[in-house]
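Copied over from TrEMBL:
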SIGNAL    1-22  signal peptide
TRANSMEM  38-59  transmembrane segment
TRANSMEM  113-133  transmembrane segment
TRANSMEM  159-179  transmembrane segment
TRANSMEM  242-261  transmembrane segment
TRANSMEM  267-286  transmembrane segment
TRANSMEM  307-330  transmembrane segment
TRANSMEM  342-362  transmembrane segment
TRANSMEM  369-392  transmembrane segment
TRANSMEM  398-416  transmembrane segment
């Protein structure tokens, strides 16, 4: 049994090592030391620490003095909700998604087909548009004219994360107000762990596009099942089947084939290429932690929209605090005022992200995780093709074969998992992961 975690580590190494290859040209893509990703990440984390550390001491103090028994006053309900939570009756949320799925199965085939088309179209439209805009914002200039030259690039990935989260918070908040939700029992501060890893993974996702191509990013994201399995063993002490290890190894081989065959012309220096690998690795690690932590939080019998609201609430608090401390918030607003096209792209990016999350919840509730995974796997393939068409990324025959191996492995995982669920006659709750 101890052999399996080591095999996962080898698979992860196979995914990462090929991308360290780079051309011999010594050209730097960094404008200055203040644009170095490691420095910007340090500033961001420092900003988060100014909020997290005082919060930690406050929570420790309230628990130490047994505030739940002795506290009184106007702040008592707020502190109780944030630090201690409410006693949640198990069974209040007895698999809402399963109930909705049963209702879907009892409806006519035509109505079911229309629902499926609606879900697939909504997911594809939301996330394909999101992917195209993400690459446009991070890799292209704004305000470029023939007379003045190349224009101005937007560099602050954290502001884009904040824009996405503030709109998602608004949408999920309105949903919780308009539609009945189960009684919330989890202490609010527990969302902060998933929020921190979520904003760090999103920041890495945006920042990585400065150093690697979008198809490379998508293929690497498809391989995140490997660190998700590793993190599952560490955080949740999960065990996995043989076919899960096999498909993880198959994915790593396919990604390695694609990366080995990719041209590094756009990322000439070894430092720049290696930076892209490290940032992308950070995205995968943080995102893996987020999904596993959310899996543990779902034991409190909350709805997916409540999870969305709680995570985005702390994400907004952390990002806006860090942006204000750095002075980057008003710089980004000034950039938006100078370039109306960027303002439109940033808002549309956030709308697609928020709508995409709602489509995720609805699709899983109506058709289950297997159908959702198939739709999102197809979305990844379409995203690569669309990016190659719009932005001129070249894919070799070997790279295309590697992509086919990755998506074949993903479909094999879906098929094997659905067969196991049918044989066991059980439908365990599936945590909704950020795509």
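Cβ coordinates are placed from backbone N, Cα and C, and glycine is handled just like the others.
Taking residue pairs at least 6 apart in sequence, the transmembrane segment (398-416) and the transmembrane segment (113-133) share fewer than three C-beta contacts under 8 angstroms. Sequence-distant contacts of the transmembrane segment (307-330) (same chain, six or more residues past either end, CB-CB distance under 8 Å): 43-44, 46-48, 50-52, 156, 158-159, 161-162, 165-166, 168-169, 172-173, 175-176, 186, 188, 191-192, 194-196, 198-199, 294, 297-298, 357, 361, 432. Residues 119, 122-123, 126-127, 129-130, 133-134, 136-137, 142, 154, 159-160, 163-164, 166-168, 170-172, 175, 304-305, 308, 335-336, 372, 432, 434-435 of the same chain sit 6 or more residues outside the transmembrane segment (342-362) yet have a Cβ under 8 Å from a Cβ within it. Listed by sequence, the residues of this chain that lie at least six past the ends of the transmembrane segment (369-392) yet keep a Cβ under 8 A from its Cβ atoms are 116, 119-120, 123-124, 127-128, 131-132, 135, 139, 213-215, 218-219, 221-222, 360, 363, 403, 407, 410-411, 413-414, 417-418, 421, 430, 435.
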